[in-house]
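**Student:** Annotations for this protein, taken from TrEMBL, read as follows:
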type: TRANSMEM; residues: B:24-43; note: transmembrane segment
type: TRANSMEM; residues: B:55-73; note: transmembrane segment
type: TRANSMEM; residues: B:80-97; note: transmembrane segment
type: TRANSMEM; residues: B:103-126; note: transmembrane segment
type: TRANSMEM; residues: B:133-153; note: transmembrane segment
type: TRANSMEM; residues: B:173-193; note: transmembrane segment
type: TRANSMEM; residues: B:224-243; note: transmembrane segment
type: TRANSMEM; residues: B:279-300; note: transmembrane segment
Amino acid sequence: MSTVIEESVPGAGPGAGGVPLQLSNIRKQFGGVVAIERFDLELRAGEIVALVGDNGAGKSTLVKIISGVYQPSEGELRMHGRPVSFRDASDARRQGVEVVYQDLALVDSQPVYMNMFLGRELTRGPLRLLDRRRMARETQELVDRLDVRIPSAKATIRELSGGQRQAVAICRATHWASSLVLMDEPTAALGVAETAKVEELIMRLRERGAAVLVVSHNLDQVFRIADRVTVLRRGRHIGTRDIAATTRNEIVSMITGA
Amino acid sequence: MTQADAALKARSGPRLRGFNWREYVVYIGFVVVFLFFAVTQGANGFLTTTNLTNIVIQTAPITVMAVGLVFVLSAGEIDLSIGSVVALSALIAAVTLRATDNMLYGAAAGLGAGALVGLVNGLFVTLVRLPSFLVTLATMGAVAGLAREVTGLQSVPVANDAFLSLFGQGDVFGIPGLVVWSIAAVVVGYVVLRQTRYGAHTLAVGDNIGAARVSGIKVARVKIMVLMGSAMCAALAGLLYAGRLQGARYTLGEADLMTVIAAVIVGGTSLFGGKGSIVGALLGSLLMGMLNNGLILAGLSVSQQMMARGAIILIAVSLSLREKRS
């Protein structure tokens, strides 16, 4: 695992600077309804943390807070020790939060490489025309490096299977992530084999030193890939456990409150 | 050549699978209609150079508008106000020319009027969040009324030689000016749609607006830009009409909306956004022009032409619109 250290991103060392994301005391209220009360979590470089909870527990709300879609009513977000706030999703992205959305956020009629560079297209020359060749080449390199099986970087998204699309979305996040990737149910729509591929990809992301927060419904998956698991129930933060030091039964009872 | 290049090349093959002939409807239709009129109307002069050049010349305003509309449809919006903008722009340009006799003022006034209508459309679509269908339906009526009001239903002659030469009757190295305008609109439209970030963002907005938004694309700006672009293309079409006909009248462009929409759709641009073809729009426009011309040569009365054109457009659009919706 020595390569982990070599490949790790800047600021991944010990101390507050090595914490890509720290949430303290996060609270979110919609009118009179409290969606999240008091949520605390520290996401370290090179680890996968699973966020679990029943439907309506507040997982999506939390993801939307971290990705800049919602602003917390109270509490503080820190990235690498610095307090941050996001105006909107693209502002969060600019500050280094990459998100793999459940609905993928891909443009179906465009080739893979245009999706990889969506909103950040490369241009060349004084007329700033699209540098399609370079985008296609860089995409192909990335896809090959991550061993993603798609026909070509020039294939149109519509031609790809669900798993291949998800892989493209994760590749994109990998490509641009400086240190933090958020995934909202990345395998919800996938078959068994495709899920395995995507999980492999997520674990490779960890090897590269990124901090990954995965929302998942699938406890088998959580125990397969995560290092820690944190549980929400009806907006309350029940707790966080190391995967090595907990059991499925404990997590299930934390989720259900039984 | 790097490894990735080689891999790219090696893997580009499978894309050719599943030839989708619907994408080529416009080419097939173009050839079929051409051959049909060549055979049936050849004796009436359909195939003469003068007649074929005339088709291209008369289609120029349609082509220019079609280029603008490709962007609007690609972004998932629609612009129904373009026909009215043609008349407004032509009349305002004509009135300005009459008052100042300055070609630049006339052209600027016409294009400015178009830009303004496009801006109003864009602001209502983005700020008030109304569907562009409703907004431009309303402005279509309002602008048509304004065009009638400007001169109190009077037509206005244009006598400025520089204007007439630039927008209608001049030529460049023997190529008629209106043909040059068509080519310019198509080339600029093609490069902007295919080779600029703005073009890519336009297609992304029409394809998956949520993805565009989270990718940092300024969705509202794109929508305003496409609507302004389309209105300004319509305004330019108005100038081209005024130049060719040496005058402006509130009826200009009246029947063009359907023709332009048909040309663009037949040309392979999606009515649901995300897919646009400038070359297809050019061929679609020429196809419409050819129909017009051929039906006249065939000796159909105006009312018969209208019916025939409507039926043919319906057939062509049905063939090209059957998109696979997954």
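Counting starts with 1 at the first residue shown.
Cβ coordinates are placed from backbone N, Cα and C, and glycine is handled just like the others.
It should be emphasised that the depicted structure is a prediction, and the values quoted were computed from it without experimental measurement.
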**Student:** Can you tell me which of B:24-43, B:133-153, B:224-243, B:279-300 gets the most C-beta pairs within less than 8 Å of the transmembrane segment (B:103-126)?
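**Tutor:** Per the Cβ under 8 Å count, B:224-243.
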**Student:** Would you kindly list the residues that approach the transmembrane segment (B:173-193) from elsewhere in its chain, counting only those six or more residues past its ends and only Cβ-Cβ distances under 8 Å?
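**Tutor:** Distal contacts: 53, 56-57, 59-60, 63-64, 67-68, 70-71, 74, 165-167, 199, 202-203, 233, 236, 240, 243-244, 276, 278-279, 281-282.
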**Student:** Counting only CB pairs under 8 A, let me know which of B:55-73, B:80-97, B:133-153, B:224-243, B:279-300 has the most with the transmembrane segment (B:24-43).
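**Tutor:** Per the Cβ under 8 Å count, B:279-300.
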**Student:** Ranking B:55-73, B:80-97, B:224-243, B:279-300 by Cβ pairs under 8 Å to the transmembrane segment (B:133-153), which is first?
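**Tutor:** The listed stretch sharing the most Cβ pairs with the transmembrane segment (B:133-153) is B:80-97.
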**Student:** How about the transmembrane segment (B:279-300) and the transmembrane segment (B:80-97): at least 3 CB pairs under 8 Å, pairs 6 or more apart in sequence, or not?
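**Tutor:** Per Cβ check, the transmembrane segment (B:279-300) does not touch the transmembrane segment (B:80-97).
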